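Notes for the one structure printed next.
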């Protein structure tokens, strides 16, 4: 009888997991001077998240592949192991491993070193912010007055404009943490704090990063003119990429599209370049090349780990004409910065340059629409940003123009400037860049047009400011 009872007890422990109270869990009581305590909660020392009484969560065990189900009970987390399977779709960013609970609908991410958060979205090594800090995902949690920030998930913030339980909280960087964020485009990251017994928002003391090297170059004045633009050197456009694809029915490869280096391991391009489906290992990206097929002394070549085409790309209107390629490398860094290879700066979400601002495009495309071949040398063109009123169907032979597009064209004409600068076939996926704050900044991706170099007919580009969230989210997947 005793043996039977022991056997049953052992089965229960194996099936359900041994419930226990972790000594490292601490009771979390937040107090405001002169006010009442507003709730005892549990703080998970592994995930650094706080939970309300009776709230439950999953967490990965340290140094193992097991997962625990925890519940906050009177200030202590009571946990037991539960069975899990690999998630059916990617949910974790920055290389995290996703585990789906077998008996209930919840998942947990096992994060690599340097990342934490529900989806490994928090970068524990981020010590400063860039621009206004809209994309800051670090762990700074102190306001300028040295007061500790309040957790965005706190019930005290339920009626506040921004909190960790609002529908788009995750995209704004909000969640179960008290880290400084900038969900509303303020001048810098901020958080909610309690001062003199009252709630208020306050800017954080997180430092701004030193100015990045993105968008810098050693510009060489073009010496030779060509139909549709000017022959140039890669050092004038070090963010220019060339994408090649293997031939399907013969050996060798063919030039596919242009691309734009936006970080060490990521290249931005146009979605319509992949209307024919390719496997990632059928693609190659070349950086630092002045001549389309002739190798350069400082060029860098990469295989493609994966590529992501916007799910809502419309191959009829070319709406959402954007795609990302992740370069393959044996180390965390892919492209090595040099005079011939450098990332372009991405714009701030609210960047709006004046109408008719002069910008540049570059690519290895055809000289004109009737040309049988692509250009052998990289070319550049100088165009101006059109007002939205001129970026409309009636100026583009009644073709559809959406809010995700912008227009730019060469406004020079006449006998003095018979050569109208414009993008053409083969330039697709390449950059439209403009000077902003002394750095060249990406405004558009070469997408489509009516002919090439037609007088008073602008080229159409994917509007990059509309896709900053999409770019950030997919780079972290």
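Cβ from N, Cα, C; glycine included.
Note that this is a predicted model, so its numbers are computed, not measured.
Quick look at what Swiss-Prot annotates:
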- 40-82: domain 'Fibronectin type-I' (DOMAIN)
- 42-72: disulfide bond (DISULFID)
- 70-79: disulfide bond (DISULFID)
- 87-98: disulfide bond (DISULFID)
- 92-109: disulfide bond (DISULFID)
- 128-209: disulfide bond (DISULFID)
- 128-209: domain 'Kringle' (DOMAIN)
- 180-204: disulfide bond (DISULFID)
- 214-345: disulfide bond (DISULFID)
- 226-476: domain 'Peptidase S1' (DOMAIN)
- 257-273: disulfide bond (DISULFID)
- 265-334: disulfide bond (DISULFID)
- 272: active site, charge relay system (ACT_SITE)
- 321: active site, charge relay system (ACT_SITE)
- 359-434: disulfide bond (DISULFID)
- 391-407: disulfide bond (DISULFID)
- 424-452: disulfide bond (DISULFID)
- 428: active site, charge relay system (ACT_SITE)
Quiz prompt | Which disulfide-bonded residues sit within 10 Å of residue 428 (active site, charge relay system) - Cα, from 42, 72, 79, 92, 180, 209 | solution = none
Quiz item: Reported as an integer number of Å, what is the Cα distance between residue 265 (disulfide bond) and residue 273 (disulfide bond)?
Solution: 19
Exercise. Write down the Cα-Cα distance for residue 407 (disulfide bond) and residue 98 (disulfide bond), rounded and given in Å.
Key: 41
Exercise. Quick one: pull the CA-CA distance for residue 70 (disulfide bond) versus residue 321 (active site, charge relay system), whole Å only.
Key: 44
Self-check item: Mean per-residue pLDDT computed across the domain 'Kringle' (128-209)
Solution: 92
Quiz item: How many Å lie between the Cα of residue 452 (disulfide bond) and the Cα of residue 72 (disulfide bond)?
Solution: 65
Quiz item: Counting only other Cβ atoms and using a 10 Å cut-off, which of the disulfide-bonded residues 42, 79, 98, 257 scores lowest?
Solution: 98
Practice problem: Have a look at the disulfide-bonded residues (128, 204) and report the one with the fewest Cβ neighbours inside 10 Å. | Solution: 128
Self-check item: Cα-nearest neighbour of residue 79 (disulfide bond) within the listed recorded positions, 128, 321, 434
Solution: 128
Self-check item: Rounded inter-Cα distance in Å - residue 87 (disulfide bond), residue 424 (disulfide bond)
Solution: 43
Quiz prompt | Length of the line joining the Cα atoms of residue 272 (active site, charge relay system) and residue 204 (disulfide bond), in Å | solution = 42
Quiz prompt | Count of other CB atoms lying within 10 Å of the CB belonging to residue 434 (disulfide bond) | solution = 23
Quiz item: Given the disulfide-bonded residues 128, 180, 204, 345, 391, which one's Cα is the least distant from that of residue 109 (disulfide bond)?
Solution: 180
